[in-house]
């Protein structure tokens, strides 16, 4: 008997979708006045990123994870339009647009973030970053996990040339 074809089985009310996103940027020179922003949190004493936007790789990775579920390209399409027509470089605005692309029966239930970079020092601001992500995604703080690694000098990120982020999102979709 094939369970998929058995109409006597109850239809699940929720299905789970998993989105994955990645982003990375190189640092600007040390003399740059552009701030280093990660998850909407400013890291003093670290240069900003080479990017048309504020370069927030964490919010960008989350946008890409949402796009992997919604099939609506935010970075490269929506964000570029916002930048070129309205001058918007704030990645939190791009993230808001990504969230709007979710269907009305979809909601983010968990975010797992991993960051690789030799600088800045992530640990002192991990709590603020988690709070910022939870607020932006409208999910409980306990539903946001962040890990960070220095990279031990094994990649450009580990050597301090930039920072890389991966994001996995769990998205619940009601189908009842």
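Every residue, even glycine, has its Cβ placed from backbone N, Cα and C.
Taken from Swiss-Prot, the feature 4-CDP-2-C-methyl-D-erythritol 2-phosphate binding site applies to 23, 24, 25, 149, 150, 151, 152, supported by sequence analysis. Annotation source Swiss-Prot lists divalent metal cation binding site at 23, 25, 60, citing sequence analysis. Among the features that Swiss-Prot reports, site 'Transition state stabilizer' is placed at 52, 150.
The C-beta environment of residue 52 (site 'Transition state stabilizer'), restricted to residues of the same chain at least 6 apart in sequence and closer than 8 Å, consists of 80, 83, 89.
The DSSP secondary structure for residue 52 (site 'Transition state stabilizer') is coil. When the alpha carbons of residue 23 (4-CDP-2-C-methyl-D-erythritol 2-phosphate binding site) and residue 60 (divalent metal cation binding site) are compared, the span between them is 6 angstrom. Among the listed binding-site residues, namely 24, 149, 150, the Cβ with the most fellow Cβ atoms inside 10 Å is that of 24. Here the binding-site residues are 25, 60, and the one whose Cβ sees the fewest other Cβ atoms within 10 Å is 25. If you take the C-beta of residue 151 (4-CDP-2-C-methyl-D-erythritol 2-phosphate binding site) and look for same-chain residues 6 or more apart in sequence within under 8 angstroms, you find 116, 117, 118, 157, 158, 159.
The two recorded residues, residue 152 (4-CDP-2-C-methyl-D-erythritol 2-phosphate binding site) and residue 60 (divalent metal cation binding site), show a Cα separation of 24 Å. Taking only the Cα positions, the spacing between residue 60 (divalent metal cation binding site) and residue 149 (4-CDP-2-C-methyl-D-erythritol 2-phosphate binding site) is 19 angstrom. Excluding 23, 25, 60, which define the divalent metal cation site, the same chain contributes 24, 49, 51, 55, 56, 57, 58, 61, 75, 165 within 8 Å (Cβ to the Cβ centroid), listed in sequence order.
If you count neighbouring Cβ atoms within 10 Å for each of the binding-site residues 23, 152, the highest count belongs to 23.
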